[in-house]
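What Swiss-Prot records for 12-32, 50-70 is transmembrane segment. Taken from Swiss-Prot, the feature site 'Reversibly protonated during proton transport' applies to E57.
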Amino acid sequence: MLAAAKYIGSGVAALGLIGAGIGVGIVFAALIQGVSRNPSLRGQLFTYAILGFALSEATGLFALMVSFLLLYS
């Protein structure tokens, strides 16, 4: 019974990765849209996009870490 609860909890915690994937998609969609509107700002927009990517991916990695902690503890 405890093993089943660990697997269910780990799966539910891993659902946070869905949000990270959506966030990364939104960040790079905004980058493509911004560069298509104003190509001269490509360098500055790319810097902001990488920062947004890192922040949204960090939340996904935290969710993955919690999932692994629930699974292997």
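All residue numbers here begin at 1 and follow the chain in the order shown.
Including glycine, each Cβ sits where the backbone N, Cα and C put it.
Model, not experiment: these values are computed from the prediction.
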| field | Cβ contacts of E57 (site 'Reversibly protonated during proton transport') (under 8 Å, same chain, 6 or more positions away) | value | A20, G23, V24
| So what's near the transmembrane segment (12-32) in sequence-distant terms, Cβ-Cβ under 8 Å and 6+ beyond its ends? | 45-46, 48-49, 52-53, 56-57, 59-64, 66-67, 70
